[in-house]
Amino acid sequence: MTKKALSAVILAAGKGTRMYSDLPKVLHTIAGKPMVKHVIDIAHQLGSENIHLIYGHGGDLMRTHLANEQVNWVLQTEQLGTAHAVQQAAPFFKDNENIVVLYGDAPLITKETLEKLIEAKPENGIALLTVNLDNPTGYGRIIRENGNVVAIVEQKDANAEQLNIKEVNTGVMVSDGASFKKWLARVGNNNAQGEYYLTDLIALANQDNCQVVAVQATDVMEVEGANNRLQLAALERYFQNKQASKLLLEGVMIYDPARFDLRGTLEHGKDVEIDVNVIIEGNVKLGDCVKIGAGCVLKNVVIGNDVEIKPYSVLEDSIVGEKAAIGPFSRLRPGAELAAETHVGNFVEIKKSTVGKGSKVNHLTYVGDSEIGSNCNIGAGVITCNYDGANKFKTIIGDDVFVGSDTQLVAPVKVANGATIGAGTTITRDVGENELVITRVAQRHIQGWQRPIKKK
C-alpha cells in the first residue's frame, strides 16, 4: 500500500500567562532550544510536506525567533479552542494526506511514538495518542468499546466508573485531510467555555461509523506540557538526564548526570571524561581521551585527542589540537585555533588567533587577531594591542620566540623567528630574527630614600 503524504499542524498560539513572561510560552527553551522548535524538528524528521504553525500571542516575537524555519505561518487571531486552532489551517489540507496534530508546549514527543501513531491510523478514521496516568485527575478519560475509542469524557462529566479509568487523552491525533475538514466544520461551542474542542472529533467520527483507535505513549514525559516554569524545569531535567544516560551508555564518563547540560549535539571519541556542571552548546566534537574539568562551557568547538580542559574554562567557536592543555579559567573566543601540544593557562583570553605547535601562553594574557608560531613562550601579562579605537590590526609572531612578562605588542607588528623580548617591553616596530629587544628604562637606585609621611 502506498504511504500517504503527511503534513503537521502545531498549536502554538497560547500566551502562557503562568510563565509570567513577555515571551510566548512556546519560545521558552528546553536544552537551549525553544520548545516549539523541538516540535518543528520532529515534524521534519517525520517527513512532513507542510508544517502549519498556528500562532497568536507574541506573533512578532514568534516570527523573529523562528525566522529561519520552513513553516506555513497561520494566524489565530482569537484563541477559541483547539478545534478552532486546527480549523485555521484546514484550508491548506489536502484531502488524501494524513494530518498530525502536535502541541508547541509539549517538546519531548518522539519520532518513534508518532510513527506508531501514524501507522495505526485506520482508513477514514482517527488515531489518538493516549497515556496511562497513576493520577488522571483533571484529564479527559478514554472510553473504549471492543478496543476502539468511542468517547472522551471530561473529569466533570465522568461517572464513578469512568473516574477509575487511568487512560487519558493527550490531544495528539492523526487523521486524513478530508476527514479533518468534514468534522471540524461540524464542531460546535455549546459548552461552558464557549470554545471549539478537538476532542469532539471523536464523537463525530463515531457518528459517521469511522473507527477511532488509541496508541499509548510508553513514557508519560513525552506528552507532558509546560504551563509554568516549574514544569519547564522538570522537562529540562528529564531531557538532560535522558541525554546523559545515552552518552553514558555510549562510553562517555559523565561524573554526575544530574549536573550535566547538553544544549546541542555532541560527537565524541573513546574514553571521554566530563566532570560536574559542564555545559555543552551548539555542535561540539570531542576526540579520544578528552578530559573536561568542572564548570567548563564548550560551544561549537572541535577538540582533538588527549586534550585536557581544566575547570572553569570557556571555549567558543574554536579548534584545539591533540595533546593540548587548557585552563583552568581560560577563555577561547571565536576564531581561536590551537595546534597540537599547546598550553593555554589561567586567565588567558585568545580571540581570532592561531597558536602553533608546542607554544605556551600560560598566564594572564590577551592574544587577539594574532598568529603565534610553534615552540613560543608567551610570558605572564602579555597583551597584543590589536585595536586603535576604530580598526583591528594583526600581530604576527614567528617560531621559537620568547616574549617576556608584561610586554605589549602594538599592532600591526611582526616578530621574526627566534626573537627574544625582555620583560616590560613595549613593541611598536617589527623585530628581526634572533634579535633581543628591551625598551624599559634603566633601573635607578636612590640611597637613603625617605617615604612620604602622611599628613595629620
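From the backbone N, Cα and C atoms, a Cβ is placed for every residue, glycine too.
Some features that Swiss-Prot has for this protein:
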- H363: active site, proton acceptor (ACT_SITE)
- 11-14, K25, Q76, 81-82, 103-105, G140, E154, N169, N227, R333, K351, Y366, N377: UDP-N-acetyl-alpha-D-glucosamine binding site (BINDING)
- D105, N227: Mg(2+) binding site (BINDING)
- A380, N386, Y387, S405, A423, R440: acetyl-CoA binding site (BINDING)
- 1-229: region 'Pyrophosphorylase' (REGION)
- 230-250: region 'Linker' (REGION)
- 251-456: region 'N-acetyltransferase' (REGION)
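Projection of Swiss-Prot feature records onto the structure.
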residue	record	CB count, 10 Å
L11	UDP-N-acetyl-alpha-D-glucosamine binding site	28
G14	UDP-N-acetyl-alpha-D-glucosamine binding site	23
G81	UDP-N-acetyl-alpha-D-glucosamine binding site	21
E154	UDP-N-acetyl-alpha-D-glucosamine binding site	15
N227	Mg(2+) binding site	14
R333	UDP-N-acetyl-alpha-D-glucosamine binding site	17
H363	active site, proton acceptor	16
N377	UDP-N-acetyl-alpha-D-glucosamine binding site	17
A423	acetyl-CoA binding site	15
R440	acetyl-CoA binding site	13
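When averaged over the region 'Pyrophosphorylase' (1-229), pLDDT in the model lands at 95. Spatially close to S405 (acetyl-CoA binding site) yet at least six residues away along the chain are G379, A380, G381, V382, A423, G424, judged by Cβ distances under 8 angstroms.
The helix, strand and coil residue counts that DSSP assigns across the region 'Linker' (230-250) are 20 helix, 0 strand, 1 coil. Neighbour list (G104 (UDP-N-acetyl-alpha-D-glucosamine binding site), Cβ cut-off 8 Å, at least 6 residues apart, same chain): I10, L11, A12, G14, K25, V26, M35, V36, V39, L53. Around D105 (Mg(2+) binding site), the C-beta neighbours below 8 angstroms that are at least 6 residues distant in the chain are A12, G14, G16, K25, V26, M35, V36, G225, A226, N227. Neighbours of N386 (acetyl-CoA binding site), defined as other CB atoms within 10 A of its CB across all chains, total 23. Considering only the residues assigned to acetyl-CoA binding, A380, N386, Y387, S405, A423, R440, the longest pairwise Cα distance works out to 23 Å. Of all the binding-site residues listed here (A380, Y387), the one with the fewest other CB atoms within 10 A of its own CB is Y387.
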